[in-house]
Every structure is written in structure tokens, then in C-alpha cells.
Amino acid sequence: MIWSCVFFGYILGCLGTADVKIDVTLNGFSITQFISERGYPVEAHVDIETEDGYLLDMFRIPHGVQENNATDNKSRPAALLMHGLMGSAENFVILGPDKSLAFLLADAGYDVWLGNARGTTHSRKHNTLNPDYDKEFWDFSWHEIGVFDLPAKLDYIMSETNQTEIFYIGHSQGTTSFFVMASERPDYNKNIKLMIALAPVAFMTNAPNPAIQAIALFERSLSIVSNLVGLNEFIPNNELLKLAGQAICLRTAITKELCANAAFLIAGYDSDQLDRSYLPIITQTTPSSCSIKQFAHYGQEINSESLPSMTCKALNWGPVKFVFKMIGVGGCTWYHGTFKKFDYGYSGNLERYGTDVPPSYDLSQITAPIALYYSTNDLLTSPKDVEYLATKLPNLVLKYLIPYESFNHLDFIVAKDVIPLLYGRVMDLMNANKI
């Protein structure tokens, strides 16, 4: 999740054959133990190999806790859940069976698969590259997650379940990578029964968060400096860092409001929906590592501008806007950027794409049915950008603005009232599309 990455930064400075075994722990948190202790069956599917050699882990909750749910899993619709930037599979379980989406879906009759993108704690592996010593390991953005990781996961799930259509639920970057996959590898559209986009991120020019805008301002320098100093991993998994974060965010700590306010600064202010008692487990499981290139790519999206966008900006420039106002002509109310591949600079683009600028993703290739869920107080994805995205999707089945003005980027995962505000509607739509 984008919010989690900057949140804790503020506080503290394909396919292959996989094994089924216990997972590695994330700072002492075992997701398989957490799930099983709550009465649910759980499987760890590890070392799922992508076409470019990355080894990914997924966790599976094949059915719900009730004994009568233990039916043939092949008849239960499979659902893949994908986290956002700096997130992991843990994001979908940490609130427990009463609120977390993975448990709710399992109890509702779904075969739930929790994905982990390359570079995260559970997927920090490669056939030949060492993440600690080979900077080439970190030479990826969410483009590669969409082109390689998601197809590998879908192929694996379809092979394990004998299903040809999968429900897909993504949060934040989990939606970005899906849009990449569905446009760059359109054959996979037929394998998506329904795509649920929570806080969808594609066009980002209107993202209001100042920290994200700062990343955009320095995105070129970010890539250059990281390559020069050999620091290509953002916030590597560090035990001391996590212990400090947990101490600061303890329920009894006088500093716990610092955690909450840092989250609000990044995600949007919504004090009423954040249960402070969950802050320790959030800090224990977040952030997971990622590539600096993922941030740089998002920065490029924020900086991207189409010709109409630049014209609109010019019309809104103070002196020009004043003149138009004097003569009774209004300026532009908003503008949009582009959703395009990574910008490697003039020569790099020519080498990779055959053009001096990176091509945009062809969203007209996305034929999978998509439902967009977004909010007005999300500082990381603007309603204007989401609404523009909606006009570009050929098979949009729903565009739902959450009817709670303070709902922020964090609330999609941990809001107190996430079920009545969001998950209930999501599950109703999924249930209507089961057959």
C-alpha cells in the first residue's frame, strides 16, 4: 500500500511448480499461524516461478471456518487478492475474521488466494539473483508485477483449482498492476470473472497528497541516485525499525496518536474510522519492502501530462485566469495525465520502445468486467482521476463513490465500518456474478 510506505517512513525517518509448506514470518508475525489460530484452513504455496525468474509466495484459505464449508474446493469460486505498494498478504487478514476481507470471502463460500508481489517479504526471491547483493533484482516497477507476477499467479490458481475464471480484488497498486496485465497481456481478460478495484490507481495527475507530489518532483533524481549508491530497495525489512515502530504505536504509548496522525497525513484524515488498537499489528506487518523504481514510476504518472492537460494548466495560470474571468470566460476545472510505461529517457526509450517517449497502456484492450470503488478523501487517488479512468474502460460494470466523505486510502483495508461502507457491497456484486 502506498500509504503504508510513506506512513512508516514519516514515523521512523509463469509459471512454475510450487511447494506447499509453512511460510516465513514477517517480523515475528506468521500469517499461516494467525489464520489457523482463528479456526480457518490455510496453505502456503511458495516459489511460484515467473517467466523472468522471480519466486513468489501465495497463501490460500480454501474455505471458511464452519464445518459445513469444508466442501470440494473445486466448486468454490477462486478469488485472488492483491495488496498495494509496501503491502503484503497480511493486509487482508490483520483485522481478523469479523472485518478482514479474506476471512469474509472464505466464510461466504470463496476459495481465497492472497498474493505477494515480487520484492515483498514473502516474494523476495529469484532463481539466480540475490536481493541483498544484485541490484538487478530490484530493476522492476509495477509494470513487471502486471506483466509477469499476476499471470504466474493466475496460471497457478487455475491449475490448482481447475477453474478458468477467477475473481480478482486489488487495492491501490494491486489495481495498477492489473490494468497493466489486462492491457499488455489481454489474453488473460477471459480468465477474470470480475475485477474489483479498491482505491484504483492509474491516472494520477490530480493526486492531492503533498508527499506524493514531492516524490513526483524528484522522481528522475530518485532513480539516478539510487543507481549511483546502489540503494534500489526501499525500506528493507529491518527488525530494529519494526520494533521501534511497534513501540511507538502501542495502545498504551503516549505516542500512539503520532502513528494515527502520520497515517492521516498520507492517506487522508478520518479519525473516527481508525481503531487505534490495531496500530501495533499494522506496524508489525507493514511496511514490506519494494523497489525504488515502483515509486519512480508512480512519480512519472503524476508528472505526465497530455496536451489538453498542459493547455488546461495554462488556462488556470493566475494572470491568464484573471483575464478570462474579467471577460466572463471560465477556465478548466480539472485535467488528466497519462497512464504509460516507465520513462527511461530519450535514448533508453528508443532502445526499449522504438519511440522517444514511453507508450501509454492501451486500456481499450481491457475487456474484463471491472468495478471501481473510490472515495473523496483519498489523498493518493483523486476522484477526478478515477472518473477519467472509468471513461477509458470498455467493460465497466460499476463506478461506486463511497458515501462517507472522510473515507480515506487506509480505510479500504482497516476502517471500523468497512463492511457496511464497502465490503458488503463488494460481496453482493461478487455473489451476483458467481455463476
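Each residue, glycine too, has its Cβ placed from N, Cα and C.
Over in TrEMBL, the protein carries these features:
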- SER172: active site, nucleophile (ACT_SITE)
- ASP378: active site, charge relay system (ACT_SITE)
- HIS409: active site, charge relay system (ACT_SITE)
- 31-94: domain 'Partial AB-hydrolase lipase' (DOMAIN)
- 1-16: signal peptide (SIGNAL)
Please report the distance from the Cα of HIS409 (active site, charge relay system) to the Cα of ASP378 (active site, charge relay system), rounded to the nearest angstrom.
5
Expressed to the nearest Å, what is the distance separating the residue listed as 'active site, nucleophile' and ASP378 (active site, charge relay system) at their Cα atoms?
11
Per-state residue totals over the domain 'Partial AB-hydrolase lipase' (31-94) - DSSP helix, strand, coil:
16 helix, 20 strand, 28 coil
Around the Cβ of SER172 (active site, nucleophile), the count of other Cβ atoms that are within 10 Å:
30
